[in-house]
C-alpha cells in the first residue's frame, strides 16, 4: 500500500482536471455562439423546440396574432452558413470522415484527447500500482459528466446547440472510462489486501462493503450497456441502468463521504432531467392509420400542434392492451413529420404527426391496431389510442432551415419524415417573409427532396402530400425544364415562393403491385426487363446510364403508361441517386435564382451574389450520409462561395 502522504493531493488534482474540461466546453460554446445568437436574434426562434402545446386553430385567431417567429419586415438572414476557406471547408468535412461505425475522425480525436487528460491525472507524479486512491477520485469526478451526457435535457446540448443523441457517444465513452478507473482502484486494493492476508478483515468494515457494492453496480452498468443489450433487449438495458445508477450513487456516498459534492451534482442533474421530462410529457388521444404500400402507421395527435422545430423527434408510448402485457413499457423515438402550427399563416393544421415504419414487434402490433380500426378515415379505417408523448428533443440545433437560400434533402425510406417537416416549415416561413417584405421577396430560392425507396409504389400514399407541398411552392409557375446554362431574367431574382422539386429513386424492379398502384395501363412491367424499361418511353425525356438502365425525368411518364396524377416538379427514377451530380445541379439552380451584385473589379470573373447558404439535410442509412459528406467536401469552391456556403445537417 502507498506509504506516506501522496506527492499530489488527488482531490485537488481531479478538481482542476474538471475545471480544464469545463474550460474546453466553454471554448466550444464560445466558438459556436455566433450561430447560437442568430437563433435568439431571429424573432421568437429561441422559444421553440422545448415544449409541445396546443394553439387555437381558428382562422381569426391565427391571422390576428402577431408572429414573433420571423424576422422583421424587410430583413433577411444574411450569410447564415459558416463562411470558410477551401482549406477550412475540407478540414471540417475531413473531421466528419467515418473511421468505424458511428465514429468519425473528429470524434476519435476528441475521445483520444479526453482519454489523455484522464491518463495524465492518473499518472502525474504517482503510480496506479502504489496508490490506487487517485483512480477512485478520477472515477468519482467524472460521474457528473457521465450523468449530464446521459440526460435528454442536458446542459451540453443547450450550450453547444447539439441534440443529446449526437453526444451520446461521449456518454458511453466517459462512462466506460469511469468503470475502468473504478476497477483499477478496486483491483489495486484487493491485490494489496490479499497479499497481506487482510482481505476478509477489510470486508468487515462497512465503508469497504459499500465500495464492493459500488464496484458491482458500475460493472453492471458497463455490461448491460453493450450494443447487444441496447439493440435486442432495450428494456432490460434501461431497467438495469436506472437501478444500478441509483445504487451506485448511494453506495459511493457511504463508501467515501468526501465524494459527496460530486454525488450531489450528479444526483441533481439526474433529478432535474426527470422533472423536465415530466413537464414535457403529455397523455393525449392519438388517431392511427395504416398505409399498406409503405408498411407504415400514421400517428396523428391533433391536441398537440405547436412547440417543435423541423427535424425534432418525440418519444412515444402506446397504452393499449393490444400491444401486449408489457407493451406500455416500451418507448420509441420518431421524427415529427408535420410543421408546427405556430409557423403556419393559415388556419387548420393536422397536429403532431409521426410515421412509424413496420420493422419490429412493437411497430407491427401498432400497425395491426390501425389495420383493424373502427373509424372511417383515409385511406381505409383508423383507430384511436391513448398515447404518452414526451419531447421534443434533438433537431438541427443552431441551424435554421428557413434562413438559407436553398435546401437539399437526401432521405431514405422512413427518413422522409425529416424532409417533410423541414420543407413544410421552410415553405411557411418563406410565405411569411414574402408577405412582410416590401418587394415581396421570400428570401428562399430552391428546395429539393431526394427520396430513395425500394419500390416505386411507395410514392402512392404520399402523393397527396407531395402535391400539396408542390402547390404551396413556386414550382407550378416556374419552368423546371429551362437549361441550367441560360441566363436568369431580373424578375426571377425576386421570388414570392421558392421552387420545390421532389425526386423519388427506387431500386427494385417494377412488379404488378407497382403497376397497379401507379395506374400503369399497359402490361410492359410484366413482360421482362427489356420491354419494361423501353416500352412507350419518350426518348427525349430519358437518359441511359452506363449500366443500361433508363432514367425518367419530370414529365410524369414512367415505364409504359401515363401518370396523370403526378404534379409538376415530381419525378420518379429507376436508379440510385448520384449524390455529387444532384448536389452540383442543385447549386447551379440556386445560383441562377440569386440576385447579382455589380462588381467593380474586372479581374473578378465570378458572380457575386447575396446567397445565404445552402443547407443539406440527410436522414437515412449510413451510406447515404457518407455519400453526402463526400459530395459536399469535393464540391467546387466557386459554387460553394457563390451560394454563401454549405451546411450539413445529419438526423
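Even glycines carry a Cβ here, placed using N, Cα and C.
The compositional bias 'Polar residues' annotation in TrEMBL covers 474-493.
Among the features that TrEMBL reports, domain 'FAD-binding FR-type' is placed at 271-399.
Annotated region 'Disordered' per TrEMBL: 474-495, in sequence order.
For the transmembrane segment (13-31), same-chain residues at least 6 beyond its ends with a Cβ under 8 Å from one of its own Cβ atoms are 114, 117-118, 121, 124, 134, 137-138, 140-141, 145, 156, 159-160. For 13-31 (among others), the entry in TrEMBL reads transmembrane segment.
Annotation comment: TrEMBL describes 105-124 (among others) as transmembrane segment.
What TrEMBL lists as transmembrane segment is 136-161 (among others). Distant neighbours of the transmembrane segment (136-161): 10-11, 13-15, 17-18, 21, 25, 28-29, 32, 35-36, 39, 118, 121-122, 167-168, 170-171, 174-175, 177-179, 181-182, 185, 218, 245, 249, 252, 256, 259, 262-263, 265-266, 269-270, 272-273, 276-277, 280, 393, 397-398; these residues of the same chain sit at least 6 beyond its ends, with a Cβ under 8 Å from one of its Cβ atoms.
Within its own chain, the transmembrane segment (173-193) has Cβ neighbours under 8 Å at 1, 111, 114-115, 118, 122, 128-129, 132-133, 135-136, 138-139, 142-143, 145-146, 149-150, 199, 202, 211-212, 214-215, 218-219, 221-222, 225, counting only residues six or more beyond its boundaries. The transmembrane segment annotation in TrEMBL covers 173-193 (among others).
The transmembrane segment annotation in TrEMBL covers 208-226 (among others). The list of residues near the transmembrane segment (208-226) in space but at least 6 beyond its ends in sequence, with Cβ under 8 angstroms from a Cβ of it, reads 139, 172, 175-176, 178-179, 182-183, 186, 202, 236-237, 240-241, 244-245, 247-248, 251-252, 254-256.
Feature annotation from TrEMBL assigns transmembrane segment to 233-253 (among others). Within the chain, the transmembrane segment (233-253) has long-range Cβ neighbours (under 8 A, six or more residues past its boundaries) at 140, 143, 147, 210-211, 213-214, 217-218, 220-221, 224-225, 259-260, 263, 266-267, 270, 326, 329-330.
Taking H, G and I as helix, E and B as strand and the rest as coil, DSSP gives the domain 'FAD-binding FR-type' (271-399) the counts 29 helix, 51 strand, 49 coil.
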